Structures are given as C-alpha cells and as structure tokens.
C-alpha cells in the first residue's frame, strides 16, 4: 500500500475513534437519557458524574483518554520514523473528540483525549501531567484552570525530552486548541466567575484555604464545573 494512503487512512481512523461521543452514548444506552438535557448540558465526565455518579464519570474519562492514546500508539508503531504522521494522528483524534462526526460535530473540550495523546507519545509524560492535573484540581478546585495549566506543563516536558521539533509544535498547537475550546472558561476566569468544584482544599476550612479564599473564590458559586 502506498505510504501516503496509509498515512491518510490512519489519520482518518484516529478522527473516527476520537469522534466517539462517549458521554452522550453512555447516558443514552445505559441510563436512557440525553445528557445534553441534564445539568450543564455538557457530555463530559463532570456532568456525567454529577448526574450518574463517580463510576460513570470514571468510565467516560477512561474511554476518552483511550481515544487519544490508542491512535497515537498505533501511529507510533506504524510510522516510527515519521514524527509528523504520529503527531497528525494524535491531533486528528483530539479534533474528533471536539468535532465528532457521530454527534453533529458538537463535542467536548478535548481534555481527556489530549492527555491520552500525550500519554501515547510518552507514557511517563502523560502520567506526570495527570498528577499535576489532579494536584491543581485539589488545590484550586477549578477543572478548566487545572486542565489548561497541567497540559501546558506537559508541553514544556515535551520540549525538554522530544527528539523532534515536530512534536513540540504539534503539542503546542494542541494546547492552543485546548485554550480555544475553553474560551468561555477563560473569560469566566478573567472575571473571577468560573465555577468551583465541590472538591479539594477549599473544603478544609482550617487549612491554607482561608489565605487564598478572598483572592480566588470571592463571589464564586461553589459548584461542579460543567
């Protein structure tokens, strides 16, 4: 098979895998409900968890991560000598999650799938970024801030350890796409209006939370992030 055709087929496959609307289908086939009509209307793991519990949120998150990880690992195996093909495959999977062909091109914000792409590129970098994500979620209880910041740290790690500048450019582009998908969240953060999860350090009133409360949480409704 012509190598160019193989590249195209793998990238298209990655997009189709990324397009699987995990949260939407989980709600429809397991609970017989449309998640878009519940809570925030978002099909991501947070809204899934709020409506169907922690187990459901974990299931959706794991599958969304695999949507980025599997195509990237597959591309790394097939195109070991082509960083561009590997990176384009990962980007295709992430874009599929954001603009899924199976759900009228209305998808999620690419967080879990992007972390899957990072883990597919290098499992240790993915693990480190995930640890930072959960640490920031605990410290600040703002998922959007934690996701964008921890993935940015992942990009820095890629720049330090990647053997090709193509990966640096690719993951920087992926981070920019994350910012674009979080446009409303960024505006809310700028206005100090982003919603805060009912999880994390702020629940422990006798810790350092009182020191940061006035700065970060003044006039912010404590609620799960959609």
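Cβ coordinates come from backbone N, Cα and C, glycine included.
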Of the ranges 85-103, 199-217, which one does TrEMBL list as transmembrane segment? 85-103
Range from 6-27, 85-103, 115-145 with the greatest count of C-beta pairs under 8 A to the transmembrane segment (151-180): 115-145
